[in-house]
Every structure is written in C-alpha cells, then in structure tokens.
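Below is one structure, written out as structure tokens; comments come after it.
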Amino acid sequence: MNALEITQKLISYPTITPKECGIFEYIKSLFPAFKTLECGENGVKNLFLYRIFNSPKEHAEKEHAKEKHAKENVKPLHFCFAGHIDVVPPGDNWQSDPFKPIIKEGFLYGRGAQDMKGGVGAFLSASLNFNPKTPFLLSILLTSDEEGPGIFGTRLMLEKLKEKNLLPHMAIVAEPTCEKVLGDSIKIGRRGSINGKLILKGVQGHVAYPKKCQNPIDALASVLPLISGVHLDDGDEYFDPSKLVITNLHAGLGANNVTPGSVEITFNARHSLKTTKESLKEYLEKVLKDLPHTLELESSSSPFITTSHSKLTSVLKENILKTCRTTPLLNTKGGTSDARFFSAHGIEVVEFGAINDRIHAIDERVSLKELELLEKVFLGVLEDLSEK
C-alpha cells in the first residue's frame, strides 16, 4: 500500500483525543513481521512496533564473516518513526465529512490530513517498502494522546521502552513542519515553556481614603515594563530570544469605589537553552524585591536541540534536497511537541512532515504530491541510515 491509501484509511477513524477507535489493529495488520508492545493509562493507548532486520548473527553467517565485530551481541542502529494518531475536534462548516476522506483537485481532505495522519501514512508506507541488506532495527511509536495533556502518551511509552532496553538511537517525529512548500523546514529542537503566577499584595480600602489603602495596581505599574514582553536572553542561531508574555491579569471586586487587595498576573515564557526556571525566578525576584508578593513557576517542557551537523539531520537534509529540490531551514519555532520526550532520553530527534497551513482548521487537507514525496524522503532516510 502507498502513503495515500494508508492515509485515507487512517483519516476514516474518528480518533479525537484520546480515542483510538481501533486504528492500531489496522496498523498492526500492515506489519505482521514486527513485534508489538502496547501500553496506556486513563483512556490513552500507545503502540510500539519493531523489527530487527538481518540480525548481526544472521548477517555474519550470510556473509561468512564471523569476526568479532559481527558477534550476536553487537547492537544494530535503532531508528524510530514517531507520531500521533489522535486529532483535534473537527468543528463545523466543513465542505465534506471530516472523517470520510475525499480527493478533490489534487488534495486529500479530512481531519488529520496534515496533523498528522498524512505524515504517519507516509512513514508507514516507507517502512513497508524498506528492505535493508545490513543489520538494522526499525521501530514505529504511535500514541492517541499528543493533542491532549500528553501525560500518558509518548512519554509513558518511552519509559516502558527504557525498562526493556529498547530506546531508539534516532527518531523522526512526523509533525507538519513545513510552511509553504514541502521540505522548507526541519525542526531540530523546540523552545521550553514555563508557566507562572504572580500575586502582588496590597491593602483593600475605599477609594476616597487613599492613605488607608495600598493599591497593588500602582505597584504593578512601576514594574510592568520589566515584566510584560521582556526578552530574557538574546537567543542564538536557532532560538529566538526568550520572552515573557502576560496571559491574564485580574484585580478588584468589580466595585468602582473599592481598591483591590491584590492583583494576580499569570504569564508564560517560551525560552531557549539560555534561560531556565531558576534564572527566570532570579530575574523576577530582583525586579519585585521591594514589593510584597508571591511567585509560582512551573516548567511544562524543557528546551532541546539536535545539532545541525548530526548524522540524522544531515541524512534528512540530503534526502529533502534530492527529493523535494528544496533546501530546508533548520529551526526551533512553534509550540511543544512529543519530540521533547525523545530528547529527554538522549535520543537524537528531529521533526519533519507535511505543510501546516490548515492544521486544526476546517477543510484540513494535504496534497497528493506531498504524500508521495514524504514517503520517498522517509524511505531515503531509512536506506541511507542502513548503509552508513
């Protein structure tokens, strides 16, 4: 089966987070020669398929070369394709049923076509057509919870794989990374995310008696330019400057003649490797040192980067250039993704997939040409990694 046929089938399953809807049974049926691991909690399901091609022992026997470098305990390169089969709710006003894929004017329409059943369909097809001549371990990791909290999805499966000594060396997450043409962007990392809540304390009172009040909004005004929109570092070649963004501000009882007793500010900082939760706390405490306050910070994801000169990045770039005739931009833009869980285990990981102009939108679609090219890129990566 090719990428188009597989993607059509995947879209037909209404897998709104965290529903799996039986899609894993279909995927398993495509890979009868692969071993299977499954896990999940709280309604989330995860699937891991893997196969060792030409085990070192078998390969040595075939080549009549039983030297010490071809012993059975020599581990082959383990490469993993990763993704999610869950989708966000489709919403209304689609031109067609979002879970009944249709082809129109060179595009495949359906929820998840770009994010990310198109990418999954492409790497499943590439995996089916892969036939290496040397020892190679190929795996596929899929979850039904990436669009949701992600607590029991890829992160949980990787923990299980660590217990079984099955963590991959390299992985491509098939997120829709491209902006205008297929191949124009590879994510080699992601920014981290820190959420915070700041409460400035005052003394509530009657507006007619200002000497008896301490209005925390006045205090906030004096430090707001040092908090809202401030750059926490200067970034680097791949990361934009880390920035603190206020997301909510609340004070008062709603009465026109009562000053508030406190003002609450919630904020988020998307940050590079140069900024940490500790450095952000140090900065804010310095700014707020003369003001009564409480401060809470929580890191929801850590920043990471895979070097632009890594083997995986180089092989992917070469295949994109060869197949798509495009030189990809290496960047770390966008929100968080499951790639961060791979990086946390020391796995070399990048993200590459379809154009993202209609992700989470009505009439989501992917071009038939994209699916064809994606499949070729992914297969080329497999073939090159197995030969190098």
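Numbers here mean position along the shown chain, with the first residue as 1.
Every residue gets a Cβ built from N, Cα and C, even glycine.
Bear in mind that the values here come from a model prediction, so they are computed numbers and not experimental data.
Per Swiss-Prot, the candidate among HIS84, HIS206 that belongs to the Zn(2+) 1 site alongside ASP115, GLU175 is HIS84. Of all the recorded positions in the list HIS84, ASP115, GLU146, the shortest Cα-Cα distance to HIS360 (Zn(2+) 2 binding site) is found for ASP115. Annotation for HIS84 (Zn(2+) 1 binding site): spatial neighbours MET116, VAL120, LEU142, THR143, SER144, ASP145, GLU146, GLU147, GLY153, THR154, ASP338, criterion Cβ-Cβ under 8 Å with sequence separation of six or more. Counting other Cβ atoms within 10 Å of each Cβ, the recorded positions ASP86, ASP115, GLU146, GLU147, GLU175 show the lowest value at GLU147.
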